[in-house]
Amino acid sequence: MNDKNMTENWTAFVRGHRRTGSDVQFIERTRQDAQQSMGKELQKLILTAPTSQQDLARTELAGFEQLFGRYLQETGPSVLWDKIKLLPEGGAKPYNDLARPETAKVKDLLDKLVVLKLNGGLGTSMGCKGPKSTISVRNELTFLDLTVQQIEHLNRTHGTDVPLVLMNSFNTDEDTLKVLQRYGKLQLQIHTFNQSRYPRINRESLLPIGNSFTSDNTESWYPPGHGDVYQSLVNSGLLKQFLDSGKKYVFISNIDNLGATVDLNILNFLMEQEQPPEFVMEVTDKTRADVKGGTLVEYEGKLRLLEIAQVPKEHVDEFKSVSKFKIFNTNNLWISLDAIKRVTDDQSLHMEIIVNPKTLDNGVNVIQLETAVGAAIKSFEGAMGINVPRRRFLPVKTTSDLLIVMSNLYSLHTGALQMNPKRSFPQGPLVKLGSHFSKVKDYLSRFSSIPDMLELDHLTVSGDVTFGKNVSLKGTVIIIANHGDRIDIPAGALLENKIVSGNLRILDH
């Protein structure tokens, strides 16, 4: 039987969940064949690495092989819908119940903290080259600039030495290290480590598509999601270093979440508990814009992160319900360093596998096996959520998000964005910019200046639209230029609860 037929039979049986006696034996044999074939290919890949890198290659590929084995073994849904329970009372503590620490305690609290930013992503989805963290978001300052400013200000204000750690990927490491050189004179120790580099798997043969560990063909490899942070932090030696220096907790967040600043109230809460929770997930109230976000539920007596990809199709609308599942994960996480050591040492860390199918430029269909950092919540003792204000979730994933954070809705103070007190509502507006704005360069060219959005509720822009200087947008504004038409919003225009469509062009003369 050739590999392709073997794979087709294997996947058909998994998808069909047929379980006669002979079927079970067949599945087990084909699973073992696939695992053994992968093991042989990984050994070949290790031998292609330079001698100095072979230990690293062996460690990383051992992690991949374990994940691949789980992928072959685990069949059926990762959760059974009927077993899902809504979060119990007290499962997510209200942020307003947290006490602010006394000033005299702040230094001691911060001395036990490490800040880790997930910095593995590229800016390609916004039309930029290099790490996403190097995109300018406000006053020509990048995500990385703002993060460094925040931590440096914290250290200077309280006389502490909170370290900043960046988890890079092989896609972002080289460029990030170049940028870090300019922070050399600041009162801040910055550490970096790389998340693992895993081989992409041919969907037909279930074997790696690459044949060399040192290959420049980056299409053969991928960073396996931010769930890799636990083992990669251990592998880097930094976990031991931080534990040896008396650190207790790590605050992990996405580098593109501009609301994810160090919160002294949360840190104080963690340190005050007789039995401190090993894992705290910041959640916030769900709005219509967040219906696809993962939520916290109770499952088999433990807190669990439920992602939309795990939800059976017939229950997706129920999952999206703001009235039933009222909160979602911000991916701001506070985790005990001792607990990370324990769950990695005893291999009790468990995260659901995310199967990410892709088609490469050469037409080859591949799969990537990934994990998410928040999914590990069920592996920690005393895990809980804290329901935080919306201001702690300010991600910039698109140019629509960029417009919001560049506007007068926010002001910048020592690297942290703060909502303009003149804004009547605590939440920002819903903004949807069309495909003409999707790349940062195009987006910037379409605004002579960023509009006044202080009283804006909803903005939708579609088609070939440009904005003059000093435009004000209030209420609900919808601007739609049909195909072949163009709309120029003139300088000084006030649009309040307006729909603009058709063709509008103001020419200077």
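Sequential numbering from 1, following the chain as shown.
Cβ atoms here come from the backbone N, Cα and C positions, even for glycine.
The UTP binding site annotation in TrEMBL covers K132, Q195, G225, D256, K397.
The substrate binding site annotation in TrEMBL covers H226. Within 10 Å of the C-beta of H226 (substrate binding site) there are 25 other C-beta atoms, taking all protein chains into account.
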Notebook entry, point to check: Which residue, out of the binding-site residues Q195, G225, D256, K397, shows the minimum number of other Cβ atoms inside 10 Å of its Cβ in this structure?
Noted result: K397
Checklist line | Cα-Cα distance, maximum over K132, Q195, G225, D256, K397, record's UTP binders, Å | finding: 21
Note to self: Taking 10 A as the limit, how many CB atoms besides its own sit near the CB of K132 (UTP binding site)?
What the structure shows: 24
